[in-house]
Amino acid sequence: MSLFFRGDHAVLHAFGRAHGMVELTPAGTVLSANTCYLDWLGYSFDELQGHTLDVVRDPYEATRAEQQELWAAVTRGESRTACSRHLTKQRDAIWLQVSYCPVLDRTGRVSKIVLLAVDVTAQQQSSADHAAVLKAISCSRATIEFALDGTILMANTGFLDAVGYKLEEVQGRHHSLFVAPAERESQAYRAFWAALARGEFQRAEYKRIGKDGREIWLQAIYNPVRDSQGKPYKVVKFATDITQDKLHRADVAGQIAAINRSQGVIHFDMDGTILDANENFLSVVGYRLDEVRGQHHRTFVEPSQAQSAEYLQLWEALRRGEYRAGVFKRLGRGGRAVWIQASYNPIFDADGKPFKVVKYATDITAKTAAQHAATGASSQTLMNVQTVASAAEELSASIGDIAQSLARSRSEVDAIHDQTVVADRSTAKLKDAAAAMNGVVQLIQGVGQQINLLALNATIEAARAGEAGRGFAVVAGEVKNLSNQVTQATTRIAQDIHGMQGIAEEAVGALLSIVQAIGSVRETVTGIASAVDEQNAITQEISSSMQTAAHGVGEINTSLQALTG
């Protein structure tokens, strides 16, 4: 290359090993270029000599107007410095920090321009990376900058959206704008900013106050930024709004605290080794934590059950991440039986694999004992109810038999009543017939009297006839005797008929009393039969109800037995 430098060539040579040097005419054409510059760009000197540096400049890096303004200043004799992107012969980008140094002749006019360049590609790439990182952080996280005294310098949209302010509402104001009054006046808050001023970063979860007075929780880091002397000159804060997460964690923590207050909780690793247990659980089983930690779950299980397939399957299911719940019999200190209502809950890691088991348990020993007692009482009640039901069935059957007997008695009484009524009617006819016979007797008595009268007249006439009438008198006497006999017989018949009439009247009166008595008996039997029928229906209903009750008590007994295992 053409050497245009004068003086100490050793110094210039040393300078040229690390710096690119180019000599240009005021028109911008290349007069000379050192090896370092040519190597950076991949050109030979012959390829650049007589050309402008537009060949190596990135056309998209700066506008033509900007280039013209820079060159006009340089040709006026003003030095300029610029960092610009150039393109190598292979069209790769290279960043050069270039100083444009005008060289004046004796008249003060620019005779040529010397370019001194440094390759800052690595620094530029690092700056670009840093800028990209900062931009990514700014896009994903709330960012705000403060002076060391807490005055707000800048804030991005993410932070402003979180607190509900606009930039002009916070810029120039103090950070305490976002802090509750009690904290703002505290010694801890003053110490916080004093530490940042000393260059100590701060990282924690912070409660802040938004524009509308609502609480905001931020996961934030306050980063002091240092100058070239190593002294902090501002603070950049990167924050993430964790308000919802904080509330959720507080809710979960509250729920866990509530569970710990009300339930027994014990933690196991996946093989059943006890990791931790709360006081509620320990009080149920009667152990201290140091007595059970590191022991296996089978400590609380009967030896025969610990070797059972069911127990082994329980832990196999838990290792697969399967939830289990139910009523379990466990052993406390001294082999005391403990009944618990419990759930075994596998806890999963970030990869979805179970890494421990948390068991929540409620002591139901007293309840289970009561259930066992209730089961026994229920069994006894079932037996009693079944006995009563059987007795009710037998009673119902007996009353049914009585009802049938009464029904037959009622039929027989009805028949007797009907027969008595018929007999009464016959006796009445007999009485009427006896009365009729009185008339016949009276007629016969009348005939006898007429015969007596006739015999008397015949006797008188026979007496008048004398001897001639003697035979007739005998006949008249016989007739009179016969008449007297008839009269006597008729008298006896009248007396007998009168006696028969008395007996008939007594029979009629007796039959009437019998009819009335049988009527009363009939009514009584009918009433009793109706009552027995009603009692029979009630007894059958009671028997049916007792059978239903027996069935219900049986179901209750079965349920209680299921509950008590």
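Cβ from N, Cα, C; glycine included.
As written in TrEMBL, here are the features:
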DOMAIN    80-132  domain 'PAC'
DOMAIN    202-254  domain 'PAC'
DOMAIN    265-321  domain 'PAS'
DOMAIN    319-376  domain 'PAC'
DOMAIN    361-565  domain 'Methyl-accepting transducer'
DOMAIN    501-563  domain 'T-SNARE coiled-coil homology'
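Confidence annotation: the domain 'PAC' (319-376) carries a mean pLDDT of 89 in the model.
For the domain 'PAS' (265-321), DSSP puts the residue distribution at 30 helix, 10 strand, 17 coil.
Within the domain 'PAC' (80-132), the DSSP-based counts of helix, strand and coil residues read 12 helix, 30 strand, 11 coil.
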